[in-house]
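Engineer: As annotated in Swiss-Prot:
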| type | residues | note |
| --- | --- | --- |
| COMPBIAS | 399-435 | compositional bias 'Acidic residues' |
| COMPBIAS | 436-446 | compositional bias 'Basic and acidic residues' |
| COMPBIAS | 447-456 | compositional bias 'Acidic residues' |
| COMPBIAS | 471-493 | compositional bias 'Low complexity' |
| COMPBIAS | 497-508 | compositional bias 'Basic residues' |
| REGION | 368-508 | region 'Disordered' |
| REPEAT | 32-74 | repeat 'WD 1' |
| REPEAT | 159-198 | repeat 'WD 2' |
| REPEAT | 252-292 | repeat 'WD 3' |
| REPEAT | 295-334 | repeat 'WD 4' |
Amino acid sequence: MDVLVGCSTGINKIYNIHKKTPTGLYGALNTTSELNVMTFGWNSVENNEDYVFYGYSNGILKYWNQKEKQLIGEIDYGQSIKAIHPLNNDKLLVALENGLVDVKTLTAPITTQLAPMNLPTLNKKKSPAAAAAASTVGKNNKSKQVIVEPVNTQSFSLNVATNLSGFAMNPSNDKFAFGGKDVNLTIWDLEKQVKTYSAKFKHDFLNLQEPVSINVVKYMNDDKILIGSDFRIKAYDLRSKTNRSSFLDVSFSKHPIQSIQYTNQKEHYFYASDSIGKVFCYDVRTSRQVGSFKDSAGSVKDIAIHPTLPLLATVGLDRHLRVYNLDNRKMLHKIFLKQRLSCVLFSKEEPTNEIAQEEEEIWKNLEENKNRINNDDNDDNNEGNDKKKSISIKVTDNMDSDDDIEDGDDNDVEFPMEADSDDSDFDLGNSDDDNISVKKENKGDSDDSDDDSDEDEKPKRKTPAKSNLRNNNNNNNKGKNNKGKNNSSTKKTSQVLKKKFAGLKKRK
């Protein structure tokens with residue numbers, strides 16, 4: 001799902017919030033003007049979201065094909081543009097700051113440069129800006145002459161007020177409302193071209209007229225409308241013919257209101273922002289604040305709500321695009337877009353099944369990789385615990401020899417032991433698996449010995465060996481963590497065994 005963002009310097013960006021990647025960049029850098037308004041093209045055109053209107057403070061209106069990144073046409077109105085509304089029957093309405101409302105009917109496809117038409121208006125007095133726009137396109141007579149196309153275009157203008165700030169069309173596109181500095185809320189019928197409603201501000205507690213300064217106008221439906229002044233938000237019921245006062249009057253902020261949005265998804269709530277970064281949600285029924293959207297810094301210039309999904313997007317001077325959930329008011333996305341941002345639009349498309357499947361596959365792969373890494377770590381730990389050495393010392397004695405026991409293949413000392421694979425420590429513990437065996441191998445004849453002597457000699461040979469081995473086992477267990485001590489204790493054990501068996505041989 002794409003979000004269109006308009007920068008105040010003339011650069012326009014498209015960002016896909018599900019793929020989290022920018023998908024488009026077009027426009028030209030222009031620091032002499034700021035972007036005031038941005039809207040999609042005519043609904044009657046196929047793929048109308050591919051076409052976008054941009055209105056700037058220097059009076060330039062541009063019509064872009066954002067899919068092909070191509071500028072279709074532009075108009076110089078000479079005054080700051082406050083509103084752009086593509087109407088039914090190929091009409092285009094543009095409201096200017098000086099109170100001029102220009103309506104054009106385009107009977108041919110817009111494939112060339114647009115230009116203001118030099119046609120008679122319904123006003124008795126033609127505004128200087130309209131006269132200037134009818135003669136040339138641009139300022140200081142440096143741009144080319146206007147191309148007049150009376151055959152393909154019909155136009156009329158309404159000079160409704162001066163110092164116009166807020167402007168809105170009703171959902172039926174047959175009436176428009178506006179307000180501004182010292183201009184109270186007024187509604188005109190576009191077809192009849194007459195004023196149908198004028199609001200009235202209540203006097204304050206001193207019975208003085210409240211200053212009128214309307215910045216934003218927003219229709220809730222054909223019968224109810226919201227306005228945002230410098231410090232307050234008011235709501236009016238247009239069905240009442242006698243009571244022109246507001247039925248809702250809330251003190252929103254101590255700073256000017258920048259934007260107001262309403263959605264049919266939550267018909268009893270509206271959303272508003274001010275010039276210091278506050279974004280609030282209000283309940284129309286109770287006139288109370290429901291909650292706020294956090295993390296904004298600086299002026300929040302524009303708010304957009306998705307037509308079908310519970311998503312709210314904000315842009316402002318802190319150069320971040322933020323997307324919130326309308327239900328719990330939690331921030332879902334925060335994207336830094338480098339330029340100062342003025343306007344934002346949600347595309348109507350919703351996330352496709354392909355995108356959802358891609359996200360599921362990504363999460364599934366991440367889980368599989370995590371499980372694989374954990375299994376590998378467990379296998380490594382088990383292998384490290386299973387790796388052990390078996391060290392043995394074998395003791396043999398040649399009873400026929402009168403010499404001392406010598407080291408060799410026939411005179412070995414064997415002790416079954418276990419040690420870790422990482423070191424060569426000897427474990428002479430007295431566990432069931434650590435059996436100590438002392439073997440004696442007799443070589444040669446012994447005719448002088450008898451049965452009694454043999455029976456007496458056997459226990460005498462085994463007893464001292466076992467006792468000494470157990471003592472040595474205890475000593476070795478105490479010094480197991482020291483490799484040098486274990487090696488020295490093993491040498492001492494072999495020397496003691498040699499001496500003991502040498503004594504046994506002499507006694508025999």
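Every residue, even glycine, has its Cβ placed from backbone N, Cα and C.
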Engineer: DSSP says what for the repeat 'WD 4' (295-334): how many helix, strand, coil residues?
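Structural biologist: So the counts come to 0 helix, 22 strand, 18 coil.
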Engineer: Using DSSP, what is the helix/strand/coil residue split across the repeat 'WD 1' (32-74)?
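Structural biologist: Summed by class, the stretch gives 3 helix, 23 strand, 17 coil.
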Engineer: Mean pLDDT for the repeat 'WD 3' (252-292), rounded to an integer?
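Structural biologist: Summing pLDDT over the repeat 'WD 3' (252-292) and dividing by its length gives 88.
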Engineer: Other than its close neighbours in sequence, what residues sit by the repeat 'WD 2' (159-198), given a CB gap under 8 Å and a spacing of at least six beyond its ends?
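Structural biologist: Beyond its ends, the repeat 'WD 2' (159-198) has Cβ neighbours at 82-83, 85, 87-88, 93, 95-101, 103, 122-123, 125, 127, 212-219, 221-222, 225, 227-228, 236, 238, 244.
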